[in-house]
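Here is what TrEMBL records for this protein:
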- 115-138: transmembrane segment (TRANSMEM)
- 190-311: domain 'Heparan-alpha-glucosaminide N-acetyltransferase catalytic' (DOMAIN)
- 197-217: transmembrane segment (TRANSMEM)
- 232-253: transmembrane segment (TRANSMEM)
- 265-284: transmembrane segment (TRANSMEM)
- 304-322: transmembrane segment (TRANSMEM)
- 343-363: transmembrane segment (TRANSMEM)
- 424-447: transmembrane segment (TRANSMEM)
- 454-472: transmembrane segment (TRANSMEM)
- 492-511: transmembrane segment (TRANSMEM)
- 523-540: transmembrane segment (TRANSMEM)
- 560-578: transmembrane segment (TRANSMEM)
Amino acid sequence: RMDQALVLVRNELPAQGLRLAALSGSCHQCLYQFLAFVPPSNGSLRKPGVAAVMVDTQHPLTLLLNSSVGDRELCKIQYHFGEFGNYSLVVKTLSASTKTVSCDLVINEGPINSYLPIVFAFLVYMGILALLIVGRLFMKIDPVRNWVYKKLNPRETDHLINSELGSPNTTDSVSSDPTLHLWSTASRQRLRSLDTFRGLSLIIMVFVNYGGGKYWFFKHESWNGLTVADLVFPWFVFIMGTSISLSLSSMLRRGSSKQKLLGKILWRSFLLILLGIIVVNPNYCLGPLSWDNLRIPGVLQRLGFTYLVVAALELLFTRAGAESRTLEMPCPALQDILPYWPQWIFILMLEVIWLCLTFLLPVPGCPRGYLGPGGIGDFGNYPNCTGGAAGYIDRLLLGEKHIYQHPSSSVIYQTTMPYDPEGILGTINTILMAFLGLQAGKIILLYKDQHKQIMSRFVIWSIVMGIISAILTKCSKEEGFIPINKNLWSISYVTTMSCFAFILLLLIYYLVDIKRLWSGAPFFYPGMNSILVYIGHEVFENYFPFKWKMQDSQSHAEHLTQNLTATTLWVIISYLLYRRRIFWKI
(Lines of atoms letter the chains of each structure in order from A and count residues from 1; the text may use other names and numbers.)
(Lines give C-alpha, C1' and ligand atoms only; values in the text may rest on other atoms or scores of the structure.)
Protein backbone atom coordinates (compact mmCIF):
# COMPACT_ATOMS: atom_id res chain seq x y z
CA ARG A 1 0.00 0.00 0.00
CA MET A 2 0.91 3.64 -0.28
CA ASP A 3 3.53 4.75 2.28
CA GLN A 4 4.42 1.14 3.06
CA ALA A 5 7.27 -1.26 2.35
CA LEU A 6 7.53 -5.04 2.61
CA VAL A 7 10.10 -6.56 4.96
CA LEU A 8 10.80 -10.32 4.90
CA VAL A 9 12.43 -11.40 8.14
CA ARG A 10 14.54 -14.56 7.68
CA ASN A 11 15.46 -16.30 10.92
CA GLU A 12 18.42 -18.65 10.47
CA LEU A 13 18.82 -19.24 14.21
CA PRO A 14 18.02 -22.91 14.84
CA ALA A 15 16.93 -22.90 18.44
CA GLN A 16 14.97 -19.72 19.02
CA GLY A 17 12.15 -17.76 17.53
CA LEU A 18 12.17 -13.97 17.19
CA ARG A 19 9.82 -11.22 18.28
CA LEU A 20 9.87 -8.25 15.90
CA ALA A 21 8.75 -4.82 17.17
CA ALA A 22 8.95 -1.32 15.66
CA LEU A 23 9.08 2.28 16.85
CA SER A 24 8.37 5.28 14.61
CA GLY A 25 10.91 8.10 14.68
CA SER A 26 8.06 10.61 14.93
CA CYS A 27 6.61 8.99 18.05
CA HIS A 28 8.13 10.69 21.10
CA GLN A 29 8.75 8.49 24.16
CA CYS A 30 6.61 5.71 22.72
CA LEU A 31 6.44 2.00 23.38
CA TYR A 32 7.66 -0.46 20.78
CA GLN A 33 4.77 -2.01 18.86
CA PHE A 34 4.78 -5.74 18.21
CA LEU A 35 4.79 -6.61 14.50
CA ALA A 36 5.36 -10.36 14.10
CA PHE A 37 6.71 -13.57 15.54
CA VAL A 38 9.40 -15.20 13.39
CA PRO A 39 9.68 -18.99 13.90
CA PRO A 40 13.10 -20.62 14.29
CA SER A 41 14.79 -22.27 11.34
CA ASN A 42 14.44 -25.96 10.61
CA GLY A 43 18.03 -27.09 11.09
CA SER A 44 17.61 -30.53 9.47
CA LEU A 45 16.10 -29.06 6.30
CA ARG A 46 18.22 -25.90 6.44
CA LYS A 47 15.04 -23.90 5.96
CA PRO A 48 14.95 -20.50 7.74
CA GLY A 49 11.89 -19.28 9.54
CA VAL A 50 10.21 -16.46 7.60
CA ALA A 51 7.72 -13.73 8.45
CA ALA A 52 6.50 -10.91 6.18
CA VAL A 53 5.52 -7.52 7.63
CA MET A 54 4.44 -4.17 6.23
CA VAL A 55 6.27 -1.17 7.65
CA ASP A 56 5.61 2.54 7.44
CA THR A 57 7.77 4.61 5.07
CA GLN A 58 6.71 8.13 6.10
CA HIS A 59 9.16 8.37 8.99
CA PRO A 60 12.37 6.57 10.04
CA LEU A 61 11.75 3.35 11.97
CA THR A 62 13.65 1.47 14.65
CA LEU A 63 13.24 -2.31 14.36
CA LEU A 64 13.88 -4.33 17.51
CA LEU A 65 14.48 -8.09 17.43
CA ASN A 66 14.20 -10.00 20.70
CA SER A 67 14.70 -13.70 21.27
CA SER A 68 11.57 -15.58 22.25
CA VAL A 69 13.75 -17.42 24.77
CA GLY A 70 14.37 -15.11 27.72
CA ASP A 71 13.25 -12.05 25.72
CA ARG A 72 16.91 -11.16 25.13
CA GLU A 73 17.59 -8.25 22.76
CA LEU A 74 19.44 -9.54 19.71
CA CYS A 75 19.70 -6.46 17.51
CA LYS A 76 18.27 -3.03 16.83
CA ILE A 77 18.18 -1.43 13.38
CA GLN A 78 17.32 2.19 12.51
CA TYR A 79 16.31 2.70 8.89
CA HIS A 80 14.08 4.89 6.72
CA PHE A 81 12.32 2.47 4.37
CA GLY A 82 11.22 3.60 0.91
CA GLU A 83 7.71 3.39 -0.48
CA PHE A 84 6.90 0.07 -2.24
CA GLY A 85 10.40 -1.17 -1.42
CA ASN A 86 11.04 -4.87 -0.82
CA TYR A 87 13.57 -5.70 1.89
CA SER A 88 14.97 -8.78 3.64
CA LEU A 89 16.17 -8.75 7.23
CA VAL A 90 18.47 -11.76 7.64
CA VAL A 91 19.20 -12.89 11.22
CA LYS A 92 21.97 -15.44 11.61
CA THR A 93 24.81 -16.56 13.90
CA LEU A 94 28.24 -15.29 12.92
CA SER A 95 30.16 -17.64 15.23
CA ALA A 96 28.91 -20.81 16.85
CA SER A 97 31.44 -20.50 19.67
CA THR A 98 30.61 -16.90 20.66
CA LYS A 99 26.97 -17.09 19.57
CA THR A 100 27.28 -13.61 18.06
CA VAL A 101 24.11 -12.71 16.13
CA SER A 102 24.12 -10.48 13.05
CA CYS A 103 21.15 -8.71 11.48
CA ASP A 104 21.66 -7.69 7.85
CA LEU A 105 19.18 -5.60 5.90
CA VAL A 106 19.15 -6.41 2.18
CA ILE A 107 17.27 -4.50 -0.53
CA ASN A 108 15.50 -7.01 -2.78
CA GLU A 109 13.63 -4.43 -4.84
CA GLY A 110 14.36 -0.73 -4.71
CA PRO A 111 11.66 1.74 -3.60
CA ILE A 112 10.08 4.32 -5.86
CA ASN A 113 10.68 8.05 -5.51
CA SER A 114 7.30 9.15 -4.15
CA TYR A 115 8.28 12.82 -4.33
CA LEU A 116 8.64 12.96 -8.14
CA PRO A 117 4.94 13.88 -8.61
CA ILE A 118 5.53 17.01 -6.49
CA VAL A 119 8.50 18.00 -8.65
CA PHE A 120 6.50 17.40 -11.84
CA ALA A 121 3.51 19.40 -10.53
CA PHE A 122 5.82 22.25 -9.55
CA LEU A 123 7.35 22.34 -13.04
CA VAL A 124 3.88 22.32 -14.66
CA TYR A 125 2.67 25.26 -12.57
CA MET A 126 5.92 27.14 -13.16
CA GLY A 127 5.47 26.56 -16.91
CA ILE A 128 1.93 27.96 -16.78
CA LEU A 129 3.20 30.95 -14.80
CA ALA A 130 5.97 31.55 -17.37
CA LEU A 131 3.45 31.45 -20.24
CA LEU A 132 1.20 33.95 -18.46
CA ILE A 133 4.10 36.32 -17.82
CA VAL A 134 5.26 36.11 -21.44
CA GLY A 135 1.69 36.63 -22.64
CA ARG A 136 1.31 39.70 -20.45
CA LEU A 137 4.57 41.15 -21.78
CA PHE A 138 3.44 40.59 -25.36
CA MET A 139 0.09 42.26 -24.65
CA LYS A 140 1.98 45.46 -23.81
CA ILE A 141 3.11 45.66 -27.47
CA ASP A 142 0.52 47.71 -29.38
CA PRO A 143 0.44 45.66 -32.64
CA VAL A 144 0.08 42.41 -30.71
CA ARG A 145 -2.63 43.83 -28.44
CA ASN A 146 -4.57 45.21 -31.42
CA TRP A 147 -4.33 41.88 -33.25
CA VAL A 148 -5.62 39.97 -30.21
CA TYR A 149 -8.52 42.38 -29.67
CA LYS A 150 -9.37 42.20 -33.36
CA LYS A 151 -9.51 38.41 -33.26
CA LEU A 152 -11.65 38.43 -30.13
CA ASN A 153 -14.08 41.16 -31.30
CA PRO A 154 -13.39 42.16 -34.94
CA ARG A 155 -16.19 44.72 -35.49
CA GLU A 156 -15.69 46.74 -32.31
CA THR A 157 -11.91 46.69 -32.66
CA ASP A 158 -12.02 47.91 -36.26
CA HIS A 159 -14.30 50.73 -35.18
CA LEU A 160 -11.95 51.73 -32.36
CA ILE A 161 -8.83 51.56 -34.51
CA ASN A 162 -10.38 53.58 -37.31
CA SER A 163 -11.82 56.16 -34.95
CA GLU A 164 -9.92 59.00 -33.38
CA LEU A 165 -9.88 57.15 -30.03
CA GLY A 166 -6.90 55.06 -31.16
CA SER A 167 -6.10 51.56 -30.04
CA PRO A 168 -8.03 50.13 -27.11
CA ASN A 169 -6.30 50.22 -23.74
CA THR A 170 -7.12 49.85 -20.10
CA THR A 171 -7.35 53.57 -19.40
CA ASP A 172 -9.90 54.14 -22.17
CA SER A 173 -12.05 51.22 -21.11
CA VAL A 174 -12.08 52.35 -17.49
CA SER A 175 -12.68 56.04 -18.17
CA SER A 176 -15.52 55.33 -20.60
CA ASP A 177 -17.52 53.60 -17.88
CA PRO A 178 -18.05 55.51 -14.63
CA THR A 179 -18.93 52.31 -12.76
CA LEU A 180 -15.65 50.75 -13.80
CA HIS A 181 -13.83 53.91 -12.80
CA LEU A 182 -15.29 53.79 -9.32
CA TRP A 183 -14.45 50.09 -9.08
CA SER A 184 -10.87 50.73 -10.16
CA THR A 185 -10.47 53.51 -7.60
CA ALA A 186 -11.84 51.32 -4.83
CA SER A 187 -9.47 48.51 -5.79
CA ARG A 188 -6.49 50.81 -5.60
CA GLN A 189 -7.50 52.08 -2.16
CA ARG A 190 -7.95 48.55 -0.81
CA LEU A 191 -4.73 46.87 0.28
CA ARG A 192 -4.33 43.98 -2.15
CA SER A 193 -1.68 42.43 0.07
CA LEU A 194 -4.28 41.56 2.73
CA ASP A 195 -6.51 39.74 0.24
CA THR A 196 -3.45 38.06 -1.26
CA PHE A 197 -2.30 36.88 2.18
CA ARG A 198 -5.81 35.63 2.97
CA GLY A 199 -6.09 33.90 -0.40
CA LEU A 200 -2.70 32.21 -0.02
CA SER A 201 -3.71 30.82 3.37
CA LEU A 202 -7.09 29.73 2.04
CA ILE A 203 -5.76 27.94 -1.04
CA ILE A 204 -3.20 25.97 0.99
CA MET A 205 -6.01 25.15 3.44
CA VAL A 206 -8.23 23.86 0.61
CA PHE A 207 -5.37 21.78 -0.78
CA VAL A 208 -4.51 20.12 2.52
CA ASN A 209 -8.20 19.57 3.37
CA TYR A 210 -8.62 17.74 0.06
CA GLY A 211 -5.76 15.44 1.02
CA GLY A 212 -2.54 17.13 -0.10
CA GLY A 213 -1.63 14.19 -2.32
CA LYS A 214 -1.63 11.98 0.81
CA TYR A 215 1.86 13.20 1.73
CA TRP A 216 2.52 13.26 5.47
CA PHE A 217 3.86 16.84 5.45
CA PHE A 218 0.56 18.05 3.94
CA LYS A 219 -1.28 16.49 6.88
CA HIS A 220 -1.46 17.87 10.40
CA GLU A 221 1.39 16.93 12.72
CA SER A 222 0.50 13.96 14.94
CA TRP A 223 1.24 16.02 18.08
CA ASN A 224 4.15 18.41 18.73
CA GLY A 225 5.82 20.13 15.78
CA LEU A 226 4.75 21.67 12.50
CA THR A 227 3.84 20.60 8.99
CA VAL A 228 2.60 22.68 6.03
CA ALA A 229 -1.00 21.92 7.05
CA ASP A 230 -0.42 23.48 10.48
CA LEU A 231 0.52 26.88 9.05
CA VAL A 232 -2.62 28.00 7.27
CA PHE A 233 -5.41 28.25 9.85
CA PRO A 234 -3.50 30.59 12.21
CA TRP A 235 -2.47 32.73 9.23
CA PHE A 236 -6.12 33.01 8.22
CA VAL A 237 -6.99 34.02 11.79
CA PHE A 238 -4.13 36.54 11.78
CA ILE A 239 -5.28 38.28 8.60
CA MET A 240 -8.85 38.28 9.91
CA GLY A 241 -7.59 40.34 12.84
CA THR A 242 -5.80 42.73 10.48
CA SER A 243 -8.98 43.18 8.44
CA ILE A 244 -11.01 43.87 11.60
CA SER A 245 -8.77 46.83 12.43
CA LEU A 246 -8.97 48.34 8.95
CA SER A 247 -12.69 47.77 8.38
CA LEU A 248 -13.84 49.08 11.78
CA SER A 249 -11.63 52.15 11.42
CA SER A 250 -13.08 52.83 7.98
CA MET A 251 -16.70 52.46 9.13
CA LEU A 252 -16.17 54.66 12.19
CA ARG A 253 -14.61 57.37 10.02
CA ARG A 254 -17.67 57.22 7.76
CA GLY A 255 -19.85 58.02 10.77
CA SER A 256 -21.29 54.61 11.70
CA SER A 257 -22.33 54.39 15.33
CA LYS A 258 -20.71 51.88 17.66
CA GLN A 259 -24.12 50.42 18.52
CA LYS A 260 -24.84 49.70 14.86
CA LEU A 261 -21.39 48.18 14.32
CA LEU A 262 -21.78 46.00 17.41
CA GLY A 263 -25.02 44.67 15.97
CA LYS A 264 -23.22 43.80 12.72
CA ILE A 265 -20.46 42.06 14.66
CA LEU A 266 -22.98 39.97 16.61
CA TRP A 267 -24.90 39.04 13.47
CA ARG A 268 -21.80 38.09 11.50
CA SER A 269 -20.47 35.97 14.35
CA PHE A 270 -23.80 34.22 14.68
CA LEU A 271 -23.87 33.43 10.94
CA LEU A 272 -20.32 32.06 10.95
CA ILE A 273 -21.06 29.76 13.90
CA LEU A 274 -24.37 28.66 12.34
CA LEU A 275 -22.73 27.93 8.99
CA GLY A 276 -20.04 25.94 10.75
CA ILE A 277 -22.56 23.76 12.59
CA ILE A 278 -25.20 23.29 9.89
CA VAL A 279 -23.49 23.61 6.50
CA VAL A 280 -20.05 22.09 7.03
CA ASN A 281 -21.04 19.38 9.50
CA PRO A 282 -23.51 17.07 7.71
CA ASN A 283 -22.55 14.13 5.54
CA TYR A 284 -25.01 14.61 2.70
CA CYS A 285 -24.84 10.94 1.72
CA LEU A 286 -26.11 9.82 5.13
CA GLY A 287 -29.09 12.12 5.50
CA PRO A 288 -29.94 15.04 7.82
CA LEU A 289 -28.11 16.18 10.90
CA SER A 290 -28.41 14.15 14.07
CA TRP A 291 -27.87 15.64 17.48
CA ASP A 292 -26.52 12.30 18.70
CA ASN A 293 -23.17 12.78 16.94
CA LEU A 294 -23.16 16.41 15.84
CA ARG A 295 -19.70 17.95 16.15
CA ILE A 296 -20.10 21.28 17.93
CA PRO A 297 -16.60 22.80 17.58
CA GLY A 298 -15.15 23.52 14.13
CA VAL A 299 -13.16 25.93 12.03
CA LEU A 300 -15.99 28.36 11.22
CA GLN A 301 -17.30 28.16 14.77
CA ARG A 302 -13.90 29.15 16.13
CA LEU A 303 -13.56 31.91 13.53
CA GLY A 304 -16.99 33.24 14.46
CA PHE A 305 -16.33 33.35 18.20
CA THR A 306 -12.83 34.77 17.72
CA TYR A 307 -14.22 37.46 15.43
CA LEU A 308 -16.86 38.34 18.01
CA VAL A 309 -14.35 38.79 20.84
CA VAL A 310 -11.64 40.63 18.90
CA ALA A 311 -13.98 42.90 16.91
CA ALA A 312 -15.99 43.79 20.03
CA LEU A 313 -12.76 44.42 21.93
CA GLU A 314 -11.51 46.76 19.21
CA LEU A 315 -14.86 48.54 18.93
CA LEU A 316 -15.37 49.08 22.66
CA PHE A 317 -11.85 50.21 23.57
CA THR A 318 -10.72 52.08 20.46
CA ARG A 319 -9.66 55.67 21.16
CA ALA A 320 -10.30 58.65 18.93
CA GLY A 321 -7.08 60.21 17.70
CA ALA A 322 -4.91 57.16 18.29
CA GLU A 323 -4.62 56.35 14.58
CA SER A 324 -3.96 59.94 13.56
CA ARG A 325 -1.23 60.24 16.23
CA THR A 326 -2.83 63.31 17.81
CA LEU A 327 -2.60 61.78 21.29
CA GLU A 328 0.48 62.59 23.33
CA MET A 329 2.54 59.49 23.99
CA PRO A 330 5.11 59.21 26.82
CA CYS A 331 7.02 56.64 24.71
CA PRO A 332 6.72 57.23 20.93
CA ALA A 333 8.27 53.82 20.19
CA LEU A 334 5.20 52.18 21.74
CA GLN A 335 2.56 54.40 20.15
CA ASP A 336 0.94 51.39 18.48
CA ILE A 337 0.51 49.69 21.89
CA LEU A 338 0.03 52.22 24.74
CA PRO A 339 -3.25 53.80 23.49
CA TYR A 340 -4.79 50.34 23.54
CA TRP A 341 -3.69 49.26 27.03
CA PRO A 342 -7.20 48.07 28.10
CA GLN A 343 -7.18 45.61 25.20
CA TRP A 344 -3.76 44.29 26.16
CA ILE A 345 -4.84 43.82 29.79
CA PHE A 346 -7.87 41.84 28.59
CA ILE A 347 -5.72 39.64 26.34
CA LEU A 348 -3.16 39.06 29.09
CA MET A 349 -5.97 38.06 31.46
CA LEU A 350 -7.16 35.52 28.90
CA GLU A 351 -3.64 34.09 28.67
CA VAL A 352 -3.45 33.80 32.47
CA ILE A 353 -6.74 31.87 32.36
CA TRP A 354 -5.30 29.56 29.66
CA LEU A 355 -2.14 28.94 31.66
CA CYS A 356 -4.05 28.27 34.89
CA LEU A 357 -6.51 25.87 33.28
CA THR A 358 -3.80 24.09 31.29
CA PHE A 359 -1.31 23.60 34.10
CA LEU A 360 -3.39 23.71 37.30
CA LEU A 361 -6.74 22.09 36.47
CA PRO A 362 -6.96 18.57 37.98
CA VAL A 363 -7.74 15.98 35.29
CA PRO A 364 -8.87 12.55 36.58
CA GLY A 365 -6.25 9.88 35.94
CA CYS A 366 -3.73 12.31 34.45
CA PRO A 367 -0.78 14.27 35.83
CA ARG A 368 -1.44 17.96 36.39
CA GLY A 369 -0.27 20.13 33.50
CA TYR A 370 -0.10 17.20 31.07
CA LEU A 371 0.44 18.35 27.44
CA GLY A 372 0.99 14.97 25.80
CA PRO A 373 -1.00 12.91 23.30
CA GLY A 374 -1.78 9.94 25.54
CA GLY A 375 -2.04 6.60 23.79
CA ILE A 376 1.34 4.87 23.51
CA GLY A 377 3.13 8.18 24.11
CA ASP A 378 4.95 8.82 27.38
CA PHE A 379 5.68 5.07 27.44
CA GLY A 380 1.98 4.28 27.65
CA ASN A 381 1.56 5.65 31.18
CA TYR A 382 -1.38 7.97 30.35
CA PRO A 383 -3.32 6.34 27.49
CA ASN A 384 -6.59 8.23 28.15
CA CYS A 385 -5.10 11.66 28.79
CA THR A 386 -5.04 12.98 25.22
CA GLY A 387 -4.68 16.78 25.33
CA GLY A 388 -4.69 16.99 29.13
CA ALA A 389 -6.94 19.78 30.41
CA ALA A 390 -8.00 20.87 26.89
CA GLY A 391 -9.40 17.43 26.05
CA TYR A 392 -10.96 17.02 29.50
CA ILE A 393 -12.84 20.35 29.29
CA ASP A 394 -14.29 19.48 25.86
CA ARG A 395 -15.38 16.00 26.95
CA LEU A 396 -16.87 17.39 30.16
CA LEU A 397 -18.78 20.33 28.66
CA LEU A 398 -19.60 19.09 25.15
CA GLY A 399 -19.63 15.31 25.51
CA GLU A 400 -17.41 12.78 23.78
CA LYS A 401 -19.82 12.31 20.83
CA HIS A 402 -19.92 16.01 20.01
CA ILE A 403 -16.20 16.54 19.40
CA TYR A 404 -13.81 15.34 16.69
CA GLN A 405 -13.53 11.55 16.70
CA HIS A 406 -10.38 11.06 14.62
CA PRO A 407 -7.60 13.38 15.88
CA SER A 408 -4.21 13.41 14.16
CA SER A 409 -2.68 11.66 17.18
CA SER A 410 -4.71 8.50 16.56
CA VAL A 411 -2.35 7.12 13.88
CA ILE A 412 1.15 7.53 15.31
CA TYR A 413 0.25 7.52 19.01
CA GLN A 414 -2.69 5.10 18.63
CA THR A 415 -4.93 7.20 20.84
CA THR A 416 -8.50 6.05 21.41
CA MET A 417 -9.94 9.13 23.11
CA PRO A 418 -11.81 11.68 20.94
CA TYR A 419 -10.08 15.05 20.86
CA ASP A 420 -11.05 18.26 19.06
CA PRO A 421 -8.28 20.59 17.75
CA GLU A 422 -10.91 23.36 17.57
CA GLY A 423 -12.00 22.86 21.17
CA ILE A 424 -12.92 25.34 23.89
CA LEU A 425 -9.59 25.98 25.62
CA GLY A 426 -7.60 26.50 22.42
CA THR A 427 -10.02 29.26 21.39
CA ILE A 428 -8.33 31.55 23.93
CA ASN A 429 -5.05 31.41 22.01
CA THR A 430 -6.89 31.78 18.69
CA ILE A 431 -8.14 35.10 20.07
CA LEU A 432 -4.51 36.00 20.83
CA MET A 433 -3.55 35.15 17.23
CA ALA A 434 -6.31 37.37 15.85
CA PHE A 435 -5.33 40.14 18.26
CA LEU A 436 -1.75 40.06 16.94
CA GLY A 437 -3.21 40.39 13.46
CA LEU A 438 -5.25 43.31 14.77
CA GLN A 439 -1.95 44.82 15.88
CA ALA A 440 -0.64 44.57 12.32
CA GLY A 441 -3.72 46.46 11.12
CA LYS A 442 -3.13 49.21 13.68
CA ILE A 443 0.45 49.58 12.46
CA ILE A 444 -0.81 50.01 8.88
CA LEU A 445 -3.31 52.66 10.01
CA LEU A 446 -0.89 54.47 12.33
CA TYR A 447 1.92 54.72 9.77
CA LYS A 448 -0.29 55.19 6.73
CA ASP A 449 1.83 55.57 3.55
CA GLN A 450 5.04 55.40 5.63
CA HIS A 451 6.17 52.11 4.16
CA LYS A 452 9.55 51.93 5.89
CA GLN A 453 7.96 52.47 9.28
CA ILE A 454 5.33 49.81 8.63
CA MET A 455 7.88 47.25 7.48
CA SER A 456 10.27 47.98 10.34
CA ARG A 457 7.46 47.52 12.88
CA PHE A 458 6.54 44.21 11.25
CA VAL A 459 10.17 43.09 11.54
CA ILE A 460 10.31 44.11 15.21
CA TRP A 461 7.11 42.25 16.03
CA SER A 462 8.35 39.18 14.17
CA ILE A 463 11.63 39.21 16.12
CA VAL A 464 9.83 39.63 19.46
CA MET A 465 7.47 36.74 18.68
CA GLY A 466 10.40 34.61 17.54
CA ILE A 467 12.33 35.26 20.76
CA ILE A 468 9.29 34.32 22.88
CA SER A 469 8.91 31.11 20.85
CA ALA A 470 12.59 30.25 21.28
CA ILE A 471 12.31 30.67 25.06
CA LEU A 472 9.09 28.66 25.38
CA THR A 473 10.27 25.79 23.18
CA LYS A 474 14.00 25.87 24.06
CA CYS A 475 14.43 25.69 20.26
CA SER A 476 13.40 22.03 20.30
CA LYS A 477 10.40 20.04 19.14
CA GLU A 478 9.73 18.07 22.30
CA GLU A 479 11.83 19.39 25.19
CA GLY A 480 10.53 22.94 25.64
CA PHE A 481 8.48 24.41 28.48
CA ILE A 482 5.49 24.65 26.10
CA PRO A 483 6.09 22.83 22.79
CA ILE A 484 4.65 24.03 19.49
CA ASN A 485 1.36 22.18 19.18
CA LYS A 486 -1.48 22.86 16.77
CA ASN A 487 -3.87 20.44 18.48
CA LEU A 488 -3.54 22.38 21.74
CA TRP A 489 -3.07 25.78 20.08
CA SER A 490 -0.28 26.32 22.60
CA ILE A 491 1.12 29.80 23.25
CA SER A 492 4.37 28.83 21.52
CA TYR A 493 2.36 27.76 18.47
CA VAL A 494 0.69 31.18 18.32
CA THR A 495 3.93 33.15 18.80
CA THR A 496 5.70 31.04 16.15
CA MET A 497 2.88 31.39 13.63
CA SER A 498 2.60 35.14 14.26
CA CYS A 499 6.38 35.44 13.79
CA PHE A 500 5.99 33.84 10.36
CA ALA A 501 2.82 35.84 9.63
CA PHE A 502 4.43 39.24 10.24
CA ILE A 503 7.31 38.34 7.90
CA LEU A 504 5.03 36.91 5.22
CA LEU A 505 2.72 39.93 5.36
CA LEU A 506 5.76 42.20 5.11
CA LEU A 507 6.97 40.43 1.95
CA ILE A 508 3.55 40.45 0.29
CA TYR A 509 2.94 44.07 1.29
CA TYR A 510 6.31 45.05 -0.20
CA LEU A 511 5.79 43.18 -3.49
CA VAL A 512 2.10 43.93 -4.02
CA ASP A 513 1.32 47.34 -2.49
CA ILE A 514 4.67 49.16 -2.44
CA LYS A 515 6.67 48.05 -5.47
CA ARG A 516 3.68 46.73 -7.46
CA LEU A 517 5.91 43.91 -8.74
CA TRP A 518 3.10 41.39 -8.22
CA SER A 519 -0.63 41.84 -8.57
CA GLY A 520 -1.31 39.17 -5.96
CA ALA A 521 -2.76 36.79 -8.57
CA PRO A 522 -3.94 34.10 -8.35
CA PHE A 523 -4.29 34.18 -4.55
CA PHE A 524 -5.90 37.61 -4.59
CA TYR A 525 -9.13 36.25 -6.14
CA PRO A 526 -10.00 33.57 -3.55
CA GLY A 527 -8.93 36.06 -0.89
CA MET A 528 -11.76 38.33 -2.07
CA ASN A 529 -14.30 35.50 -1.72
CA SER A 530 -12.91 33.55 1.20
CA ILE A 531 -16.18 32.48 2.86
CA LEU A 532 -17.66 31.22 -0.41
CA VAL A 533 -14.52 29.27 -1.33
CA TYR A 534 -14.17 27.72 2.13
CA ILE A 535 -17.79 26.64 2.47
CA GLY A 536 -17.96 25.59 -1.20
CA HIS A 537 -14.90 23.36 -0.98
CA GLU A 538 -16.34 21.65 2.11
CA VAL A 539 -19.83 21.12 0.67
CA PHE A 540 -18.74 19.88 -2.79
CA GLU A 541 -15.70 17.95 -1.61
CA ASN A 542 -17.03 14.55 -2.72
CA TYR A 543 -18.60 15.65 -5.99
CA PHE A 544 -17.22 15.68 -9.52
CA PRO A 545 -15.13 17.51 -10.80
CA PHE A 546 -13.51 17.96 -7.39
CA LYS A 547 -13.31 14.21 -6.85
CA TRP A 548 -13.52 11.14 -9.05
CA LYS A 549 -12.89 7.42 -8.90
CA MET A 550 -9.19 6.71 -9.23
CA GLN A 551 -7.60 3.95 -11.26
CA ASP A 552 -4.96 3.47 -8.57
CA SER A 553 -5.91 4.72 -5.12
CA GLN A 554 -2.45 3.70 -3.82
CA SER A 555 -0.67 6.31 -5.92
CA HIS A 556 0.55 9.64 -4.61
CA ALA A 557 0.57 10.91 -8.20
CA GLU A 558 -3.18 10.32 -8.69
CA HIS A 559 -4.09 11.79 -5.33
CA LEU A 560 -1.90 14.82 -5.99
CA THR A 561 -3.44 15.29 -9.45
CA GLN A 562 -6.94 15.13 -8.03
CA ASN A 563 -6.24 17.47 -5.10
CA LEU A 564 -4.38 20.04 -7.23
CA THR A 565 -7.15 19.94 -9.86
CA ALA A 566 -9.82 20.56 -7.22
CA THR A 567 -7.82 23.40 -5.67
CA THR A 568 -7.13 24.99 -9.05
CA LEU A 569 -10.84 24.82 -9.90
CA TRP A 570 -11.65 26.89 -6.82
CA VAL A 571 -9.05 29.46 -7.87
CA ILE A 572 -10.69 29.63 -11.34
CA ILE A 573 -14.16 29.89 -9.80
CA SER A 574 -13.04 32.74 -7.54
CA TYR A 575 -11.45 34.50 -10.54
CA LEU A 576 -14.66 34.25 -12.58
CA LEU A 577 -16.69 35.55 -9.63
CA TYR A 578 -14.23 38.42 -9.26
CA ARG A 579 -14.59 39.31 -12.95
CA ARG A 580 -18.37 39.39 -12.52
CA ARG A 581 -18.00 41.29 -9.23
CA ILE A 582 -19.83 38.64 -7.25
CA PHE A 583 -18.70 38.59 -3.64
CA TRP A 584 -20.32 36.70 -0.80
CA LYS A 585 -19.94 38.75 2.35
CA ILE A 586 -21.37 37.91 5.73
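Using N, Cα and C of the backbone, Cβ positions are placed for all residues, glycine too.
Residues of the same chain lying 6 or more positions beyond the ends of the transmembrane segment (492-511) and with a Cβ under 8 Å from any Cβ of it are 191, 193, 196-197, 200, 226, 230-231, 234-235, 238-239, 242, 429-430, 432-433, 436-437, 440, 451, 454-455, 458-459, 461-463, 465-466, 468-469, 472-473, 480, 482-486, 517-518, 520.
Take the transmembrane segment (424-447) and the stretches 197-217, 232-253, 454-472, 523-540: counting Cβ pairs under 8 Å, 232-253 has the most. Counting same-chain residues at least six beyond the ends of the transmembrane segment (523-540), those with a Cβ under 8 angstroms from any Cβ of the stretch are 192, 194-200, 202-203, 205-206, 209-210, 236, 275, 279-280, 284, 299-300, 546, 566, 570-571, 573-575, 577-578, 582-586.
Long-range contacts of the transmembrane segment (343-363) within the same chain, counting only residues at least 6 positions beyond its ends with a Cβ under 8 Å from a Cβ of the stretch, are 313-314, 317, 337, 369-371, 385, 388-390, 392-393, 425, 428-429, 431-432, 435, 488, 491.
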